[in-house]
Amino acid sequence: MDHNELWQQVLAQMQFHISKANFATWFQNTEIILREDEKMVISVPNAFSKEWLKNKYYKLILKTIHTTDNSIKELEFVIKPQLLKKIDQKEDTKKPEIETGQLKFEEFKVNKETNLNPRYTFENFVVGSFNELAYSASLAISENVGTVYNPLFIYGGVGLGKTHLIQAIGNKIHDSPKKKKVKYISCEKFVSSIVSGIRNHNIDIFKASLSLIDVLIIDDIQFLAGKDKTQEEFFHTFNSLYEKNKQIILSSDRPPNAIPELEERLRSRFEGGMITDISLPDYETRLAILKTKLQEKNLKLPEDVLEYVASNVKKNIRELEGALNSLLIYYKTNTSIPNLETTKRLLKNFVFSPFNVANYKKIIEIVSKFYNLDEKTIFNPTRRKEIVRPRQIAMFLLREELKYSFPAIARKFGGKDHTTVIYAHKKILQECQQNNKLTEELNMIKQKVYSG
Ligand code: ADP
Ligand code: MG
């Protein structure tokens, strides 16, 4: 079986295991590019999918490959720009021009005790007006553990540096001579530890381990939404650490008041310290980020290339890194520096990303997810407030972002009289003018819709 067939088989299997949307997001434009002894090298379109496949789907992919070939022991994901695809598609027997050895971007090992990745530091974190408050609060905390802002709550869209920043705090404290115990946990991991602790009757062990910590960092805390049991446990953990002046650091994709189904007492705890956001970097900052990252890699690119990247790749910093990596791969493969023309060709995917377009499915999916509803519920003609509002917002966005006609929207929502849609649209519009929270929510939803 050749690589292509094997990968097709993996893809077919994966579709059983994950949702369509996830599948499209993470597995589109992936393929096996080569095999090196016990290692399969899989190319992915950008840094974002690389991270996800590596962190979330590694085991599942390997398991699937094992059903056909169990001599494979390891997977490596490499980012591959569009153009290079053609080069490799010559024939299977010949080794592609990409040598994995060349593709190594620095790999860091996660610290087993703290779960922190040492690559996230304050030194390599670029500060601009979009993140300077979050940055200075973080720095302050690393120097005054538990005493200045507690908890610290940082929120902002995906790929904007939340994880980087909260881990930088952890790393700095961990490396200081004071020997503080730091622990970084993703919220998903936290939830699963609680759930399995309850199931296996050993939750006390997990709780005891948390009680010894000086600095607890929980990433993507919005995942607590609707998880009642975990919220309850977290509330107690929070209090016991807080009372002992232990530092708590949280990140989220939205502010506490926009996390659905979050107990009031937790919300007020989250709001009791320092809340700060990270917004989008402007052009100058994007340019500065590119230059910093190049410097780290000891490389130079022409100014016009950098300006092109900075003015066209705007979604977030993760994309910016992905774009840069594409250029670096080109450089390493061709041992020539990409010029502006080449850059435009290489970055087609980033600039005209199909994920940057809104569509009906995406709006429904993202609005439902944002309000923690399943997609069917949003079409449910109930008058319950927690469903009516998301439904109105979905209608509003279909009108505003896709220019759907009112009757067309009405048909999508079960052929209702389209005056309901007109009413919904007007209501959201009006409320936005009076209510900052709603505007903020809409912005966050739109950001998600346009960032895939
Ligand atoms: P988030 O957690 O908000 O989704 P991450 O912290 O994972 O985002 O950041 C995405 C990528 O962008 C990471 O590789 C991170 O190192 C990089 N990054 C984010 N913000 C900055 C910054 N201000 N300076 C340098 N690199 C950054
Ligand atoms: Mg993150």
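One is the number of the first residue shown, and numbering goes on along the chain from there.
For all residues, glycine too, the Cβ spot is worked out from N, Cα and C.
The annotation region 'Domain I, interacts with DnaA modulators' is assigned in TrEMBL to 1-100.
Here the region 'Domain III, AAA+ region' (115-331) has a mean pLDDT of 93 out of 100. Marked as region 'Domain III, AAA+ region' by TrEMBL: 115-331.
The domain 'AAA+ ATPase' feature in TrEMBL is assigned to 148-280.
Listed in sequence order, the residues of the same chain lying 6 or more apart from Thr163 (ATP binding site) and placing their CB within less than 8 Å of its CB are Tyr120, Asp219, Ser251. The annotation ATP binding site is assigned in TrEMBL to Gly159, Gly161, Lys162, Thr163.
TrEMBL lists 332-452 with the feature region 'Domain IV, binds dsDNA'.
The domain 'Chromosomal replication initiator DnaA C-terminal' annotation in TrEMBL covers 359-428.
Excluding the listed site residues Gly159, Gly161, Lys162, Thr163, the same chain places Gly156, Val158, Leu160, His164, Leu165, Ser251, Ile278, Asn316, Ile317, Arg318 with Cβ atoms within 8 Å of the centre of the ATP site Cβ atoms. Gly159 (ATP binding site) falls outside any helix or strand according to DSSP and counts as coil. The binding-site residues listed here are Gly159, Gly161; among them, Gly161 has the most other Cβ atoms within 10 Å of its own Cβ. In terms of DSSP secondary structure, the domain 'Chromosomal replication initiator DnaA C-terminal' (359-428) contains 50 helix, 0 strand, 20 coil. Selection of the binding-site residues Gly159, Gly161, Lys162, Thr163 by a Cβ distance under 6 Å from ligand 2 yields, in sequence order, Lys162, Thr163. Counting residues per DSSP class in helix, strand and coil order gives 66 helix, 26 strand, 41 coil for the domain 'AAA+ ATPase' (148-280).
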